[in-house]
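To start, the structure itself, in structure tokens.
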Amino acid sequence: MNRLIEIYRKEERLVIGLMSGTSVDGIDAALVRIRGKGLDTKIELLEFENFSYDDHVRERIFELFEPSTSTVEKICHMNFLLGELFAEAALKIIKKAHMSPNNVDLIGSHGQTIYHIPQIIEDLSYRIKSTFQIGEPAVIAERTGIVTVGDFRVRDVAAGGDGAPLVPYTDYILYRNPENTIALQNIGGIANVTVLPAACGVEDVMAFDTGPGNMVIDEVVKRVTGGVLKYDKDGHLASKGRVNSQLLDELLKDEYFVKRPPKTTGREYFGASYVDRLMERAARLNLDKCDLVATVTALTAKSIANSYRDFIIPLYKIDRVIISGGGSYNKTLVRMIKEYLPEMEVMTQEDMGFNSDAKEAVAFAILANEAINGHFNNIPKATGAKHPVVMGKICM
Ligand SMILES: Nc1ncnc2c1ncn2[C@@H]1O[C@H](COP(=O)(O)OP(=O)(O)OP(=O)(O)O)[C@@H](O)[C@H]1O
Ligand SMILES: CC(=O)N[C@H]1[C@@H]2OC[C@@H](O2)[C@@H](O)[C@@H]1O[C@H](C)C(=O)O
């Protein structure tokens, strides 16, 4: 029988979700048991691991983000190399679960975003938005023998959306609550929020990127330590510094923070050139290392809090904020968010007994499951798409 029909007919599927985010720390792989579809989806996380990139691979991925260091040859090659690494991650997670590829029905792979242009560019007579994820799903299907769904974002972009954020759809399925309004705040390279009003329908879900998450902090830490540190572990450096309010206020005037949702951003906006300009301003103000790290940590915290005050609180009273992503381990950042939002209960996924790191990989397993069911899996209100679509390209 056609393998796709066989998978389609199953009531329960074993699905692997693969994700590499904007921080480029590694490939998250989650093995999930999924029953049902849409609002009836039930999941059980069976296995999870983050497979770190080695430093050389990470550097080569970073080269692709910058037009000055990227080439078509490097992109062409890395698309296939990452396909191999994603396939390897899938096979390792299967082995860790003491299973074989034959037991697994499906892989949902996000890939690696290397460029994202959510603003409309007028070209010829077309109005073009674009986004680009690599990590060839055909290679994953070939190496694992498992039907692989990849390249999710582009269909939403084709329908007029930003192709992001996509996790709000799975947040809606998994976290909606009849009594409480919940804000799910992810702090990865970029920070994004999903607001699930109490007893919401899918049309009530609000979601957008609030701005930088760890991206600016990581880059500043790399520069002030001469590359010795790659991130501010547990927020240690920031905890020793003092926030410079002059620089913070200047940074918060950025037009991205003023723009109303739906909106998304990425490394093209808050990456290396943004930090070049920021370092120049910091030098003029004579800021020491720890004060600078404290100030950019406050930038993430305050831009999150301001997003709530400007765009969410006028519409909904938030009962609980649940933080996920690597930023939830930065104690200084979490402390600052709590200080800037004193009226809210702020907790982390770990406080709730969940695995914060696995959240996005699990989301791509669910999005793949929806695709196989022919179920719409974007939220037009969050991405700005003109209508719901089924995202994901299927490699048999
Ligand atoms: N113990 C820790 N202390 C401080 N920061 C941490 C810690 N652990 C991870 N991080 C931060 O989290 C980042 C990785 O976060 P995460 O894996 O959620 O990002 P991502 O998924 O790549 O990004 P995105 O969600 O934007 O795609 C690291 O680059 C680092 O800055
Ligand atoms: C284009 C792209 O890769 N965007 C990512 C990025 O990382 C966080 C934020 O910006 C979010 O909008 C999105 O990822 C998550 C997984 C999402 O789509 O929900």
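Here the Cβ of each residue, glycine as well, is placed from N, Cα and C on the backbone.
According to TrEMBL, the protein has these features:
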BINDING   GLY21, THR22, SER23, VAL24, ASP25, GLY26, ILE27, ASP28  ATP binding site
Cβ-based neighbourhood (8 Å from the centroid) of the ATP site, residues GLY21, THR22, SER23, VAL24, ASP25, GLY26, ILE27, ASP28 excluded: MET19, SER20, ASN50, TYR53, GLN112, GLY188, GLY189
Contacting binding-site residues, sequence order - THR22, ASP25, GLY26, ASP28 vs ligand 2, Cβ under 6 Å: THR22
Spatial neighbours, same chain, of ASP28 (ATP binding site) - Cβ under 8 Å, 6+ residues apart: GLY17, LEU18, MET19, SER20, GLY21, PHE48, GLU49, ASN50, ASP357, ALA358, GLU360, ALA361
Cβ under 6 Å from ligand 1: qualifying binding-site residues of GLY21, THR22, SER23, ASP25, ILE27: GLY21, THR22, SER23, ASP25
Of VAL24, ILE27 (the binding-site residues), the residue whose Cβ has the fewest other Cβ atoms within 10 Å: VAL24
Under 8 Å by Cβ from ASP25 (ATP binding site), counting only residues of that chain that are 6 or more apart: ASN50, SER52, TYR53, ARG58, GLY326
For SER23 (ATP binding site): intrachain residues, at least 6 apart, with Cβ closer than 8 Å: GLY188, GLY189, GLY213, ASN214, MET215, ASP218, GLY326
